[in-house]
Amino acid sequence: MYSTAMSLSAASASAAAVASGAAASRPNAIRPSAGIRFCGLRREALGLRTVRSSPQVVAARRSVAAAATAGNGAAGSGGFDYDLVIIGAGVGGHGAALHAVEKGLKTAIIEGDVVGGTCVNRGCVPSKALLAVSGRMRELQDEHHMKSLGLQVSSSGYDRQAVADHANNLASKIRSNLTNSMKTLGVDILTGIGTIVGKQKVRYGKAGFPDNEITARNIIIATGSVPFVPKGIEIDGKTVFTSDHALKLESVPDWIAIVGSGYIGLEFSDVYTALGSEVTFVEALDQLMPGFDPEIGKLAQRILINPRKIDYHTGVFASKITPAKDGKPVLIELIDAKTKEHKETLEVDAALIATGRAPFTKGLGLENINVVTQRGFVPVDERMQVMDADGNAVPNLYCIGDANGKLMLAHAASAQGISVVEQISGRDNILNHLSIPAACFTHPEISMVGLTEPQAREQADKEGFEISVVKTSFKANTKALAENEGDGLAKMIYRPDTGEILGVHILGLHAADLIHEASNAIALGTRVQDIKFAVHAHPTLSEVLDELFKAAKVNDGVSHSVNEPVAA
């Protein structure tokens, strides 16, 4: 799921920013200005900082957009080589490129590595292939579960290389699909490292070859991220490695330490334990899975951690990790996260470093346009327009995805890219990041959208409103019981005075698929008093959310927009 999936350990600070940012920016009632299209009713509330554009800046954007669309993608429109150049061909860049072509913009995309970026080649896609295997293995290994369904399985096993090939082949197929889709629609794919050399100018090229320089009316930075490796950790790619190496599945160690218990760490614990490894988590914060809603996190620990061959150390840093060599194991020195005193040294067969991701923004030439990164992230406003060192918007320059740090998820990058293309095509657009769902593809899955309960309570205290919480269990769902998969919970946080949905969190069978009804409701501003009238097929897992919505109670007198039924 990661994006570039953001480690929830590393994301705890971002989670706090969600609540504070939302509290600062979200009024009780929002009336979008004429001519502005909101993707959801609330303004963007995630990120390192939120910079709002003045009416003059918005007006200037519209005039530029009108000029861009006037050429309608014709070569050399307005004297530029391209209407849009995108630096980085990951999921975000790909989504922006396809939408740009749809809008009639002459578009090029620059890629220095391979099309698909982290998600397709070293993240979301190959990890889901490995998790598909771990899910099947868990079913085959669960004798009680199989017997309850009347099935008999004599034994289960796997071919490590065949599993690795499955992940690699899937990545290759999706990479090819993305490449072909752009070529078919007329996107120029330029190979090399892209560098901004001046206003609306980009240079690209490969080592040992002459550079090329092109001009573009608009430029989007979409360079993504790389695994973050803390100081003191030595990576050898064999016994101490990041998710980039782990996805190759070159070995299945008997005992592996996973540093970080966010999305990435949790998903790999699911894979490794299903394939026979013992796992030890090393978590800097005082609890596992710190970025999840606390109630969901506790349930996840009971279902995903405690019954499996997993132990853990919380409140500690891995201050030094030395790879295995000369017959010696991997050595992990642990220190107390608060006192920095040495606690113990672990000896394991391998260590996976899952401490989050860092923006890949070096070498972009940002210094040429007076842009200074913040901890490596490119500063942007709510419309993803890059801000310079003086706090001014850089004309015609945008940054999307992991490189801006607002929400490090592949689908968030794509949504940001589409939003930017809407803007440069003359239709202003603000993406509501609180409506973007996230998922962890463990067995069972975890998904979420919006605020956690603590974040919602903090916001309610600051803004002076009440919140309510409702829950439903998978044990009450017919389809889940038919699958003998009753472990799970769905939870919704909402405002009883307005019916606004603030957050939804799910742990259970196919949670990653179920969350989208809630995320779309938040994006469209649908209130609980309206959505509870929606009809769900029976028996389906979607009825978990149906029961959740129906359980919500709004205050007397709260209006709703559901029309009276029409007699058939």
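Glycine is no exception: its Cβ is also placed from the backbone N, Cα and C atoms.
Here is what TrEMBL says about this protein:
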type: ACT_SITE; residues: His538; note: active site, proton acceptor
type: BINDING; residues: Lys128, Gly194, Thr223, Gly224, Ser225, Asp402, Met408, Leu409, Ala410, His411; note: FAD binding site
type: DOMAIN; residues: 82-417; note: domain 'FAD/NAD(P)-binding'
type: DOMAIN; residues: 436-547; note: domain 'Pyridine nucleotide-disulphide oxidoreductase dimerisation'
Counts of helix, strand and coil residues, the domain 'Pyridine nucleotide-disulphide oxidoreductase dimerisation' (436-547), according to DSSP: 42 helix, 29 strand, 41 coil
Max CA-CA distance, Å, over listed FAD-binding residues Lys128, Gly194, Thr223, Gly224, Ser225, Asp402, Met408, Leu409, Ala410, His411: 30
His538 (active site, proton acceptor), number of other Cβ atoms within 10 Å: 10
Of Thr223, Ser225 (the binding-site residues), the residue whose Cβ has the fewest other Cβ atoms within 10 Å: Ser225
